[in-house]
């Protein structure tokens with residue numbers, strides 16, 4: 001057995017006990033010698049390679065509560081022609097030492113690879129791809145990639161034009177066989193046909209030979225193999241016929257030069273149309289990229305300097321004039337203006353900005369000159385994060401693609417086998433001893449089969465669907481979430497900031513100003529949304545705030561503070577009961593009254609004596625009732641989940657049309673409530689702000705983070721709703737359902753085309769050129785069907 005040495009970067013070690021624990025765990029494995037260095041945070045492992053895989057050691061380390069460093073790289077891949085290619089590359093990468101997971105997308109021509117940096121690197125991964133016959137490079141900027149694809153499209157167009165010019169005369173020869181029209185006799189000359197077809201076969205069509213050779217050399221087969229074998233059979237049979245004619249001069253040869261040339265031309269036409277259609281699938285991403293400013297006006301040494309955007313650094317001072325885009329995320333340091341943030345929030349009304357306010361890159365400055373300090377630049381800006389989410393979603397795979405991937409892996413060998421069987425049956429049984437009909441039928445089988453349509457069926461729909469959703473402010477994190485969302489039958493909505501605006505105001509206060517001063521001073525240390533409303537209310541009354549000696553937040557109950565040796569309690573009935581503070585019937589009636597109105601009522605106790613009541617209300621979003629109505633019309637059960645008291649929650653629920661309410665739930669219990677719904681067989685989506693309900697978002701089958709501007713937690717959820725518009729929640733479900741429906745249509749067409757087309761070709765009912773045209777158009781039709789999603793109404 002061969003010995004192998006492996007080094008892993010470990011995350012989470014804090015002391016020698018950690019490193020010793022990991023070392024002991026690894027050394028308990030048979031035939032393993034491990035040393036863990038706390039200083040370098042690395043584990044060096046010697047083991048017998050036949051006994052273990054890298055993942056075995058990672059699993060052992062993770063079982064102790066530590067992790068192994070993983071990096072991610074995106075590669076552009078050139079040379080893929082069909083699903084067999086992408087599947088081959090993906091399989092090889094996933095079998096590579098050090099790779100955690102790799103996915104290859106035929107539509108975007110990219111690979112997304114997660115790997116252990118101490119076990120492999122980008123250069124090794126690129127070399128691995130090159131060794132199986134494809135070209136790979138580290139992903140360039142989206143703009144550079146767009147320019148490269150434009151050049152590739154132009155190159156494909158030029159090849160198509162040349163091939164068409166050479167093949168057109170041969171097409172006329174083919175027409176003579178099926179119609180009585182006359183053509184110049186020179187075109188029937190075998191030598192002319194040879195001269196016209198040879199450049200098409202071996203210069204224009206050389207790419208098919210190269211692709212076939214590379215795949216066969218590595219023990220696999222793809223579309224190039226089918227095209228190369230099929231067209232070569234027609235071409236070289238024609239050469240054979242010419243040689244027999246020159247030798248015997250007995251009859252005019254039966255030539256198929258036109259078949260090989262026209263097949264190649266039609267396939268090139270299909271590939272060109274496919275590339276053009278695929279370029280349209282990234283329009284949404286292109287539009288996002290176009291939102292970015294190209295340069296910024298930076299103030300240095302009291303001078304204005306125009307710099308490219310990539311030269312701007314955090315801390316730079318920028319001047320933005322009216323009508324200009326905000327170049328980067330920043331904070332206003334001087335001036336007042338209004339900003340159009342509709343590109344991010346969907347809200348058409350400009351937002352007023354003054355000194356100290358945050359601004360978002362790529363939004364539009366409307367009517368005032370301002371100076372800002374850059375806080376986020378380059379890939380860290382809000383728009384860059386959005387673009388990254390869209391790119392990742394468009395490059396990802398949906399689980400529904402697995403069947404197509406499995407079939408594509410065996411597709412070409414099966415088709416070649418069917419072609420051979422077809423040839424044998426025809427030459428032995430159908431037309432015994434006749435070579436031509438057998439050859440023509442076999443060629444038709446080879447060229448009608450299309451693994452491309454199978455490979456494009458899912459990713460093109462995912463690209464267009466997620467792009468269209470992004471245009472509407474809905475960001476899917478990946479194809480798997482597009483698929484998972486269409487199964488959702490229950491949506492759980494957090495109340496504050498989701499159903500309501502999240503900007504509460506004080507509606508009633510019963511008590512004196514001294515109590516209000518103590519109340520506001522205590523709440524000033526709290527981060528709860530209601531606290532801001534109380535502090536603002538007290539300041540508007542002209543009260544000065546006092547310093548807290550101590551402060552404690554009691555989730556689900558309220559707060560406790562000490563101010564000038566006085567104990568202050570602010571909260572609900574539970575809090576008062578915990579401190580044995582009695583609540584009179586009159587006080588309880590007042591609480592019930594406020595709660596019946598949908599307000600949150602809190603009592604203020606000073607030294608265990610209730611001195612006042614304050615009621616705070618949060619207004620319901622204008623679109624909440626309509627959004628919930630749309631969800632219910634889609635047969636989706638809507639649940640409100642809140643920490644607020646049941647009476648207030650029921651009042652808000654009644655306003656918006658929610659029947660199922662789960663109230664008085666502590667933040668840490670929200671995830672448990674999601675589990676209870678899932679235990680009933682529900683497919684649950686949780687909608688919240690992604691911050692204080694993150695565990696519930698993670699626990700749900702689909703987590704949706706909803707928020708405004710740069711504050712929305714994109715990383716916290718599977719789907720991000722920009723702008724805080726609750727109507728985007730049903731739209732997200734609609735986008736998911738429409739995309740999955742489109743994928744199923746594509747898969748049905750791709751499978752059905754091959755299942756029906758191959759037997760028809762084998763029966764000799766299709767001429768090779770018709771079979772080739774059908775093959776070329778099959779993949780185009782799949783892409784065109786996916787493009788229909790660009791017009792879907794959400």
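Every residue, even glycine, has its Cβ placed from backbone N, Cα and C.
Among the ranges 140-160, 161-181, 287-307, the stretch that Swiss-Prot annotates as transmembrane segment is 161-181. The stretch that Swiss-Prot tags with transmembrane segment, taken from the ranges 225-245, 309-329, 330-350, is 225-245. Cα distances from residue 689 (Mg(2+) binding site) to the recorded positions 15, 18, 82, 85, 494 are smallest for 494. For the transmembrane segment (773-789), the partner stretch with the most Cβ pairs below 8 Å, chosen from 186-206, 225-245, 255-275, 410-430, is 255-275. Relative to the transmembrane segment (437-457), the listed stretch 225-245 leads the set 186-206, 225-245, 255-275 in CB pairs under 8 A. A Cα-Cα distance of 32 Å separates residue 15 (Cu(+) 1 binding site) from residue 693 (Mg(2+) binding site). Contacts of residue 82 (Cu(+) 2 binding site) defined by a Cβ separation under 8 A and a same-chain sequence distance of 6+ are given as 106, 222, 223, 224, 408, 450, 451, 452, 455, in order along the sequence. With respect to their backbone Cα atoms, residue 18 (Cu(+) 1 binding site) and residue 693 (Mg(2+) binding site) stand 31 Å from each other. The number of other Cβ atoms within 10 Å of the Cβ belonging to residue 85 (Cu(+) 2 binding site), over all protein chains shown, comes to 29.
Cβ-based neighbour count (10 Å, all protein chains) for residue 494 (active site, 4-aspartylphosphate intermediate) stands at 24.
Under DSSP, residues within the domain 'HMA 2' (71-137) fall into helix, strand and coil as 22 helix, 24 strand, 21 coil.
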